[in-house]
Amino acid sequence: MNKGMDLLSIHELSADDVEEILTLAADLKAKQKAGIPHPLLAGKTLGMIFEKSSTRTRVSFEVGMYQLGGQALFLSSRDLQLGRGEPIKDTARVLSRYLDGIMIRTYGHDRIEELARWADVPVINALSDLLHPCQALTDLLTIREYKGKNLAGLKMAYVGDGNNMTHSLMYAAAKVGMHFAAATPEGYAPNAAVVANAKADAAASGTTVTITTDPKEAVQGADVIVTDTWASMGQEDEHDARIALFRPYQVNRELVAASGEERCIVMHCLPAYRGEEITEEVFENFADVIFDEAENRLHVQKAIMALVMGD
Ligand code: CP
Ligand code: NVA
């Protein structure tokens with residue numbers, strides 16, 4: 001990745017960019033564990049705009065900047081003039097005069113695209129309704145730690161709502177040559193344009209993207225099963241209606257066994273809703289993987305920031 005690049009979507013990255021991020025992330029993780037300083041962003045400041053809640057993203061970006069020798073500013077849209085109607089294009093031009101990079105979590109993906117269009121500094125997508133690239137890149141690093149560095153030919157299955165995680169995971173899998181299958185209820189399938197893009201990427205890397213409504217079909221032969229909340233941020237009102245409809249898509253003991261793979265692992269980006277998309281039993285059986293996954297947000301985002309904001 002070049003200095004100054006935005007990270008809005010994994011689809012816009014090359015396979016080499018993804019490899020570079022994962023390699024640097026593993027290196028920075030090792031340095032952090034060994035207590036070796038790595039002040040790659042000394043004197044730099046990241047602005048973090050949040051229009052939605054966050055635990056992992058906020059803390060990992062803020063701590064990550066600190067570990068890289070820089071600092072981060074938490075900018076809630078409740079406090080910014082953005083929340084009172086100041087245009088994104090003005091916010092972008094003002095913040096570019098103070099900051100070395102901007103991270104944003106918001107609703108419509110078009111808000112992030114507009115911010116990136118007007119900002120002179122790199123913009124990092126920290127979740128939109130459409131995509132969550134930092135999480136999906138993190139998931140790749142975590143899968144490497146459990147399955148080995150070469151991910152090509154492995155199978156990732158996603159079961160649940162066709163949402164931002166589904167989209168970024170299918171982009172991520174296609175870039176590294178993993179087969180991807182998603183099972184979502186009728187009416188909750190992933191975005192058709194994203195699926196078409198992912199299929200094109202998969203064809204280039206010699207793999208497949210399959211979309212089905214049958215969870216058992218999706219998980220068959222899976223090395224990794226991933227799930228996510230049935231009602232994302234902004235969909236709170238739909239929660240109760242979704243629960244009944246999504247019940248057959250719960251990741252439980254029976255569904256994990258349907259993979260037929262003894263070494264199949266289960267991942268979840270968190271927060272997790274036990275008894276809904278995942279059972280308590282399966283969650284706790286794979287808690288080591290899931291909390292490694294949460295930790296890896298820190299290392300992957302440090303790598304992304306060092307690459308796009310570093311000198
Ligand atoms: N997985 C994730 O993005 O978590 P937060 O919503 O807590 O940031
Ligand atoms: N799909 C979830 C992911 C949370 C990290 C949401 O958008 O709320």
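Glycine is treated like the rest: Cβ placed from N, Cα and C.
Among the features that TrEMBL reports, domain 'Aspartate/ornithine carbamoyltransferase carbamoyl-P binding' is placed at 6-145.
Here TrEMBL flags S54, T55, R56, T57, Q81, R105, H132, P133, C134, Q135, C269, L270, R297 as carbamoyl phosphate binding site. Sequence-distant neighbours of C269 (carbamoyl phosphate binding site) (same chain, 6+ apart, CB under 8 A from its CB) are H132, Q135, D139, M165, V226, D228, E293.
According to TrEMBL, the domain 'Aspartate/ornithine carbamoyltransferase Asp/Orn-binding' annotation covers 153-307.
Note: M233 (L-ornithine binding site) has non-local neighbours K52, S53, i.e. same-chain residues 6+ apart with C-beta under 8 A of its own C-beta. If you look up TrEMBL, you'll see N164, D228, S232, M233 marked as L-ornithine binding site.
For the domain 'Aspartate/ornithine carbamoyltransferase carbamoyl-P binding' (6-145), residue counts in helix, strand and coil come to 73 helix, 21 strand, 46 coil, using DSSP. Whole-number maximum of the Cα to Cα distances across the carbamoyl phosphate-binding residues S54, T55, R56, T57, Q81, R105, H132, P133, C134, Q135, C269, L270, R297: 31 angstrom. Checking the binding-site residues R56, C134, N164 against ligand 2, the ones with a C-beta less than 6 Å from an atom of that molecule are N164. In this view, S232 (L-ornithine binding site) is surrounded by 17 other Cβ atoms within 10 Å of its Cβ, with every protein chain counted. Close to ligand 1, meaning a Cβ under 6 Å from one of its atoms, are these of the binding-site residues R56, N164, C269: R56, C269. Classification of N164 (L-ornithine binding site) by DSSP places it within a helix.
In sequence order, L270, A294, R297 are the residues near R56 (carbamoyl phosphate binding site), counting only same-chain partners six or more apart with C-beta under 8 A.
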